[in-house]
Amino acid sequence: MKLSLVAAVLLLLCAARAEEEDKKEDVGTVVGIDLGTTYSCVGVFKNGRVEIIANDQGNRITPSYVAFTPEGERLIGDAAKNQLTSNPENTVFDAKRLIGRTWNDPSVQQDIKFLPFKVVEKKTKPYIQVDIGGGQTKTFAPEEISAMVLTKMKETAEAYLGKKVTHAVVTVPAYFNDAQRQATKDAGTIAGLNVMRIINEPTAAAIAYGLDKREGEKNILVFDLGGGTFDVSLLTIDNGVFEVVATNGDTHLGGEDFDQRVMEHFIKLYKKKTGKDVRKDNRAVQKLRREVEKAKRALSSQHQARIEIESFYEGEDFSETLTRAKFEELNMDLFRSTMKPVQKVLEDSDLKKSDIDEIVLVGGSTRIPKIQQLVKEFFNGKEPSRGINPDEAVAYGAAVQAGVLSGDQDTGDLVLLDVCPLTLGIETVGGVMTKLIPRNTVVPTKKSQISSTASDNQPTVTIKVYEGERPLTKDNHLLGTFDLTGIPPAPRGVPQIEVTFEIDVNGILRVTAEDKGTGNKNKITITNDQNRLTPEEIERMVNDAEKFAEEDKRLKERIDTRNELESYAYSLKNQIGDKEKLGGKLSSEDKETMEKAVEEKIEWLESHQDADIEDFKAKKKELEEIVQPIISKLYGSAGPPPTGEEDTSERDEL
């Protein structure tokens, strides 16, 4: 494997060098852009090192916001975000949550409930409708909004370099599907940029990390939790060669979701205290959004933050305190959910926790102390690397890759190998999924297979292209269909039809079928015309495949879940009975409540050894819901102590 990988890398290098020699004069300086959900960042490889470029406000990260003022002026970046509260209906953000998705996508429908601007359906896609001044309304595709942000990043780089920029490397979440990648490339084109590469954000972060650590083989886990997306990737770095071994994540989890939970909490609280529903006033909601985000940032370094808003709603002021403990309680399920993709990535790459050499935290949300604690505990106390600014790491890596494409000699022999997230194949007789490219195969890649006709004198074969992990195509996702016609009459099994799958560096799939006898060919390119899978569907398919492949895995999971509940209950019981721990700190009323809840669960366990996984989880959740408020109240702003939950709930067997 290693020899073939190195050989492939050398070939890639030679080809890339030769190709880039031809292009070098055309491309000029290639920039690296991290096009984020909430913030974007641009970097360039110059004089042997990466420069992250500050914008006209002196900030190294720029809000991914676009606004249209009543006077007809368009604002991008800081200026747009700064007037959000006074002009919420015409200030557009979160375009990355909509890009490459269809109108009916459940996540789009969920999102538009919370966005202050109008999202409408057009050509089965979500479009953004704003007032552009002078009483005129206009609709924009998400790609156009992203293009405006990319234009801002392009201008930022041009001001710094003193020359035109025409080529870029742009990053996307590893779990972005084909339609989302294609739409991101389109946004670049609209912005006047030739997007030479779309690379995965965690991969870019690992490049940033790996530049100065090239000796020997290392397993790197990149945990990337940003404003709107979450990605986990496992990479191996071997003497400058990067290979993405596995990826997982959620394109719909990030800092904004944490903000949303806090906002909903305060909106309910305000309604309870005053009887008034703030949701009716878009401006008040956006004021709250801005202040909640500030408070969240403050809680990364302090234990409580005040939220003060003058003339918040109907002339009344708003004044509340948010403690770190409350912030964590409101988001605990979301925080914990970040561990599942970490576990999945380890399983997919056949590695144990102890095999991970470095953990890299990327994205502003990894500054949250609880997230850092959960990651550290999951890896049995291993400290994550802190050498990279989490906001800039992705742009840094993109700039290094841009340096490689510019033909910059100082990047050395850096090579980047990405993977496809799902198995790709064709349907053969009986509805069988014949796999050509297994999931987690390094891309770019090309695989061919010879098939034949199923009946005598068959003049046409239909090639159906699928992605998914199940053995039958009916359970997988159809990407596209095409026919190869004009096959000369022959007995079944005689014609030789060569089917070739080719995935390029941007993860875009081309399928070709050729009749070897006549040289007759046909092909299909799977781009965003066909709606590719959502990450939820990808996850469901992978889970389904595993579930149907081995029922005993389900049994093991049931046992693990039962053990989790049992360990949690007994750990609490021991702590309640220990005067040095919880026992000495609880009021008699709280102690009685907790003891009763714990005993109930222990008794239930004894009589329900064969209950379902869901039952065990539900019982654990019930217990958590009783225990956590008591612990939070007890420890107030200092945050809860370890209640045994942290020790047990992530105790995965590998």
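Using N, Cα and C of the backbone, Cβ positions are placed for all residues, glycine too.
Per Swiss-Prot, the feature ATP binding site maps to 36-39, K96, 227-229, 293-300, 364-367. Feature annotation from Swiss-Prot assigns phosphoserine to S86 (among others). Taken from Swiss-Prot, the feature N6-acetyllysine covers K125, K213, K353 (among others). The region 'Nucleotide-binding (NBD)' annotation in Swiss-Prot covers 125-280. For Y160, the entry in Swiss-Prot reads 3'-nitrotyrosine, with the evidence type similarity to another entry. Annotation comment: Swiss-Prot describes K352 as SUMO2 cross-link. Among the features that Swiss-Prot reports, phosphothreonine is placed at T518, T648 (among others). Residues or ranges marked as O-AMP-threonine by Swiss-Prot on the basis of similarity to another entry: T518. Residues annotated as N6,N6,N6-trimethyllysine in Swiss-Prot: K585. Annotated N6-methyllysine per Swiss-Prot: K585, K591, in sequence order, evidence recorded as similarity to another entry. Annotation source Swiss-Prot lists N6,N6-dimethyllysine at K585.
Long-range neighbours of S300 (ATP binding site) (same chain, six or more residues apart, CB within less than 8 Å of its CB): R367, I368, P369. Counting in whole angstrom, G228 (ATP binding site) lies 20 from K125 (N6-acetyllysine) by their C-alpha atoms. If you count neighbouring Cβ atoms within 10 Å for each of the modified residues K125, K353, K585, K591, the highest count belongs to K125. All protein chains included, Y39 (ATP binding site) registers 24 other Cβ atoms within 10 Å of its own Cβ. Candidates S86, K125, K352, K353, T518, K585 (recorded positions) were compared with G36 (ATP binding site); none lies inside 10 Å Cα-Cα. A gap of 18 Å separates the Cα atoms of K294 (ATP binding site) and S86 (phosphoserine). In the three-state DSSP reading, S86 (phosphoserine) counts as coil. Taking only the Cα positions, the spacing between K352 (SUMO2 cross-link) and R297 (ATP binding site) is 33 angstrom. Counting every protein chain shown, the Cβ of S86 (phosphoserine) has 13 other Cβ atoms within 10 Å.
DSSP classifies Y160 (3'-nitrotyrosine) as helix under the three-state reduction.
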